[in-house]
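J.: Pulled these from Swiss-Prot:
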- 55-67: compositional bias 'Polar residues' (COMPBIAS)
- 85-103: compositional bias 'Low complexity' (COMPBIAS)
- 104-116: compositional bias 'Polar residues' (COMPBIAS)
- CYS127-CYS139: disulfide bond (DISULFID)
- GLN145: glutamine amide (MOD_RES)
- 46-145: region 'Disordered' (REGION)
- 1-22: signal peptide (SIGNAL)
Amino acid sequence: MKLTISILFCVILTLQYNGADGKLKDLFGKIHDSVHGTADKVKEDLNSLFHPNDKNQQGNNDASSNIHFADSEENTDAAKKPDEVTPATTTTTTAAPAVPNAPSDNPTTLAPSTTTKDGRENFSGGCVAGYMRTPDGRCKPTFYQ
C-alpha cells in the first residue's frame, strides 16, 4: 500500500515538469487520443463482423428497390373516391303524454324485513387461496400454524 502511494506520488511529481526533449508534454492527451482511436477501430471491426451488408445497403441505388410516391391523381386506381350516399330518413310518432303523479289503483307497500343480518350472509365473494368460508361468512385459514 505504501509502495503504491509512493509510486503514484513520484509519477505525479514527474508529470508536472516538461522534459528537455518534450516527451512528457501532453502525455495524458496522447494516451486519451490513442485509447479513442483503438476503441473506434474495434467498433468498426465489430460492425463489419456482425453487419457485413450495411455498407452495401447504404450504397444501393437500384431503381427496382426505390420507393416512388404518386404525385398526381391520374394513376390512383387503388384509392377510389367514395360514392355519394344518401342518408336514411327517419320517421317519428308522438305518443300521448303521460300524466305525472297520477293516482294508482294498486297501492304498493314494502314488506318489513323479519330477519336481522349483519351483512356477512349476503357476501358473495370468495376467500383467498388457503382460506375457507365459515358458516357465519368469515374466511379462516384451512391449516392452522
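Cβ coordinates are placed from backbone N, Cα and C, and glycine is handled just like the others.
What does the local environment look like for each feature on the list?
T.: Within the same chain, residues at least 6 positions away in sequence whose Cβ sits under 8 Å from that of CYS127 (disulfide bond) are ARG133, CYS139.
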J.: Look up CYS127 (disulfide bond) in the DSSP assignment and reduce it to helix, strand or coil.
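T.: Coil, per DSSP.
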